[in-house]
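Colleague: So Swiss-Prot lists the following for this protein:
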TRANSIT   1-20  transit peptide
MOD_RES   LYS81  N6-succinyllysine
MOD_RES   LYS81  N6-acetyllysine
BINDING   GLY87, ARG88, GLY89, GLY90, ALA91, GLY92, PHE93, PRO94, THR95, GLY96  NADH binding site
MOD_RES   LYS104  N6-acetyllysine
BINDING   199-247  FMN binding site
MOD_RES   ARG257  omega-N-methylarginine
MOD_RES   LYS375  N6-acetyllysine
BINDING   CYS379, CYS382, CYS385, CYS425  [4Fe-4S] cluster binding site
Amino acid sequence: MLAARRLLGWSLPARVSVRFSGDTTAPKKTSFGSLKDEDRIFTNLYGRHDWRLKGALSRGDWYKTKEILLKGPDWILGEIKTSGLRGRGGAGFPTGLKWSFMNKPSDGRPKYLVVNADEGEPGTCKDREIIRHDPHKLVEGCLVGGRAMGARAAYIYIRGEFYNEASNLQVAIREAYEAGLIGKNACGSGYDFDVFVVRGAGAYICGEETALIESIEGKQGKPRLKPPFPADVGVFGCPTTVANVETVAVSPTICRRGGTWFAGFGRERNSGTKLFNISGHVNYPCTVEEEMSVPLKELIEKHAGGVTGGWDNLLAVIPGGSSTPLIPKSVCETVLMDFDALVQAQTGLGTAAVIVMDRSTDIVKAIARLIEFYKHESCGQCTPCREGVDWMNKVMARFVRGDAQPAEIDSLWEISKQIEGHTICALGDGAAWPVQGLIRHFRPELEERMQRFAQQHQAQQAAS
């Protein structure tokens, strides 16, 4: 009978199937988003509450931190690995694995945690909200993360333009010292840990981890060749882990609530909650914490009030900050906001800074402006980046006017491919990908613009 039913395509009801197979595991989650308030880690993103120590304590920061520290590095690393947390700065490397690289037998050199708060990517402003309105989350995260990797101090490298944020952070650090939460015998755990703030001077390239280390050491912010990696030779020649602000700030909550709790959000390999910036042509630009793998359309419509002029007025979206390729409206309809789904869509999650562009946007001019930014911020160390991005910038300026030949589109694509993957750091990639996204999805717009320019030029010549 069962064989006949199989031939007919008939399947057992779910409960009966479970009883026959003995499989009692819960069904896989298939819908994502609508994060509940009680599951939010960042509860003061908009600065409606007191950001100082008293307010932070009332919101659950520094709760049972001593117990977390006393459980030791292996336990903390275990929870972080269980959580499935991946780096929130753009690369998406598994955090537990990265932090565990520091747990080698000591050779006598001190270990350091460096927090990358040099948030200079156009469209990205999530970390500054944490530092400005929830600085104690970051300070506590430094302590917990430092304990996990056996570090003795944390250096928070903050963007030079973040004046108010640096001030708030310094106040939070002073309060933590005065309360005995950091410093000698931090939280009464017997563990000594210091936190220092280093202010940058406006160079976007210092967001790259080795350029950041060079800057802390007082040198020019130019990326280093790897290997050696920072976990072996980092700041002051000592083992160092460089981590993003959001990555560090969520670690105490993961340890308090458990890695399994955090892993319950989002798809497999894309777990947890995430801060998203939504800017551009939306009714209510915002920074919001939402579940990973939330549909992009739902994210924009629920939290940002939708696209100006309605969803049908959408032209394209840059989903992860200026260095990720844009995606057109047709892709935005169904794509999920996580690492794997966006890679499949030929883009990336990056910093999760969603830049929305409606049909009023000159898409060619918008991308050309981003290329000008990368040309300006290139440190000039690598020839493909120094020469290639400058060349792309000049070509894109002509593309904006339409003063080019269709064959130059393929030439521009080729030069972007010669830059991508051929530089010491990822700035070259960040300049190449927006161009590739434009050509991939808006080639007809480029060709039409060139055709219009040629017709106008011919008409002017005929008139003269």
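Glycine is no exception: its Cβ is also placed from the backbone N, Cα and C atoms.
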Colleague: What number of additional C-beta atoms lies within 10 angstroms of the C-beta atom of ARG199 (FMN binding site)?
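Modeller: Taking every protein chain into account, the count is 17.
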Colleague: From the Cα of GLN220 (FMN binding site) across to the Cα of THR95 (NADH binding site), what is the distance in angstrom?
Modeller: 28
Colleague: Have a look around GLN220 (FMN binding site) and count the other CB atoms within 10 A of its CB, chains all included.
Modeller: 12
Colleague: Quick check: with CYS379, CYS382, CYS385, CYS425 left out, which same-chain residues have Cβ atoms within 8 Å of the centroid of the [4Fe-4S] cluster site Cβ atoms?
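Modeller: Other same-chain residues with Cβ inside the cutoff are ILE205, LYS222, PRO223, SER378, GLY380, GLN381, ARG386, THR423, ILE424, LEU427, GLY428.
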Colleague: At the Cα level, what's the spacing in Å between CYS425 ([4Fe-4S] cluster binding site) and CYS206 (FMN binding site), rounded?
Modeller: 11
Colleague: Taking the Cβ of CYS382 ([4Fe-4S] cluster binding site) as the centre, how many other Cβ atoms fall within a 10 Å radius?
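Modeller: A 10 Å sphere around the Cβ of CYS382 ([4Fe-4S] cluster binding site) contains 20 other Cβ atoms.
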Colleague: What three-state class does DSSP give THR241 (FMN binding site)?
Modeller: strand
Colleague: Between LYS375 (N6-acetyllysine) and CYS385 ([4Fe-4S] cluster binding site), how far is it from one CA atom to the other, in Å?
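Modeller: Cα to Cα, LYS375 (N6-acetyllysine) and CYS385 ([4Fe-4S] cluster binding site) are separated by 8 Å.
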Colleague: Can you check what DSSP calls ARG199 (FMN binding site), collapsed to helix, strand or coil?
Modeller: strand
Colleague: Using DSSP and collapsing to three states, where does LYS104 (N6-acetyllysine) fall: helix, strand or coil?
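Modeller: Going by the DSSP assignment, LYS104 (N6-acetyllysine) belongs to neither helix nor strand, so it counts as coil.
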Colleague: Measure the Cβ-based neighbour count of CYS379 ([4Fe-4S] cluster binding site), defined as the other Cβ atoms within 10 Å of its Cβ.
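Modeller: There are 20 such Cβ atoms around CYS379 ([4Fe-4S] cluster binding site).
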Colleague: Counting only other Cβ atoms and using a 10 Å cut-off, which of the modified residues LYS104, ARG257 scores lowest?
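Modeller: Counting other Cβ atoms within 10 Å of each of the modified residues LYS104, ARG257, the minimum falls on LYS104.
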Colleague: If you compare CA-to-CA distances from the residue listed as 'N6-succinyllysine' to each of the binding-site residues ALA91, PHE93, GLN220, THR241, which comes out shortest?
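Modeller: Result: the closest of the binding-site residues to the residue listed as 'N6-succinyllysine' is PHE93.
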Colleague: For THR241 (FMN binding site), which of the binding-site residues ALA91, CYS382, CYS385 has the nearest Cα in space?
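Modeller: Comparing Cα positions, the closest of these binding-site residues turns out to be ALA91.
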